[in-house]
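Going by TrEMBL, these are the annotated features:
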type	residues	note
ACT_SITE	Asp35	active site
BINDING	Asp35, Glu222	Mg(2+) binding site
BINDING	36-40, Arg48, His52, 80-82, Trp84, Arg86, Arg203, 209-211	substrate binding site
ACT_SITE	Asn83	active site, proton acceptor
Amino acid sequence: MVLKNFFNKTKYEKKIAEESVNLEVIPSHIAIIMDGNGRWAKKRAMPRIAGHHEGMKTVRKIARVADDLGVKVLTLYAFSTENWKRPKSEVEFLMSLPEKFLNDFLPEIMERNIRVQMIGEKEGLPEHTKKALNKALEKTKNNTGLILNFAMNYGSRAEIVNAIKKMMIDVQEGTLNFDSITEETMNQYLMTSHLPEPDLLIRTSGEVRLSNFMLWQLAYTEFWFTDTLWPDFNEETFLEAIQAYQKRNRRYGGLKGEEIN
Ligand code: IPE
Ligand code: IPE
Ligand code: MG
């Protein structure tokens, strides 16, 4: 595999050149719980929103490196259904970030052939946030490169409950046969029906929990945690996670060839 921006020698490309990352075994779908913006700001005696602003820059960095490495799907947990509990001013700032992010980054997204998608309850978002997201979804819908998937107003339990409700309606209406419901049926009713399951989950900031993120989809995902706060996360930390992933032995409950005797 050849890096798209091969001549732009950066630190992460040097790391790859040192052969510590195998470009043939890049996780197809990487999901990230981007955490620690508030603490990053607090450490600097800045308001929490300064941390969110800085975190937005990290999103751009990581989208670029994921695209360069040939990752197929990058899912970023940006706002949970529980984050509405935060102070109104912080929520308002977070809801303004998609516009800010896309205003700056959309031309490059187009250049890179990246497709923006989202999971979560779009209808619950403020009009201006929805508008910015819709514009990006529409503009990039025919792009065939990296899927940059934002989890916005996303909660996994709500997603599962909604999937079950939709399945029950379809059973009632006769378009779904109760006896033929399988795990695959469930996959099809989730918001991620069009995506492969994440291969690698990263959570930053030292928290070791899922916080209602992709509970069904993460059943066999490899987890990687770092104390690094999201605004400090960078290409090198991302590669560290991928390197760790490459050392894992994914068994899916079975045994690998060399273990059978
Ligand atoms: C992650 O950073 C961003 C969102 C959850 C929206 P936090 O805002 O949770 O930062 P901490 O965890 O308070 O440091
Ligand atoms: C999870 O982070 C949600 C996002 C990163 C968007 P939180 O900071 O909201 O999670 P908790 O409250 O620490 O579990
Ligand atoms: Mg947090």
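From the backbone N, Cα and C atoms, a Cβ is placed for every residue, glycine too.
TrEMBL does not curate its annotations; it predicts them automatically.
Keep in mind that this is a model prediction, so the values were computed, not measured.
A map of TrEMBL features onto the structure.
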residue	record	Cβ neighbours (10 Å)
Asp35	active site	21
Gly36	substrate binding site	25
Gly38	substrate binding site	20
Trp40	substrate binding site	24
His52	substrate binding site	23
Asn83	active site, proton acceptor	17
Trp84	substrate binding site	12
Arg203	substrate binding site	23
Leu210	substrate binding site	15
Glu222	Mg(2+) binding site	19
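The recorded positions near the residue listed as 'active site', taking a 10 angstroms Cα-Cα threshold over the set Thr81, Asn83, Trp84, Arg203, Leu210, Glu222, are Arg203.
In the three-state DSSP scheme, His52 (substrate binding site) falls into the helix class. Rounded to a whole value, the Cα-Cα separation of Trp40 (substrate binding site) and Asn83 (active site, proton acceptor) is 18 Å. Residues from the recorded positions list (Asp35, Gly36, Gly38, Trp84, Glu222) with a C-beta closer than 6 Å to any atom of ligand 1: Asp35, Gly36, Gly38. When other Cβ atoms within 10 Å of the Cβ of Thr81 (substrate binding site) are tallied across all protein chains shown, the result is 17. Under the three-state DSSP scheme, Gly36 (substrate binding site) falls in the coil class.
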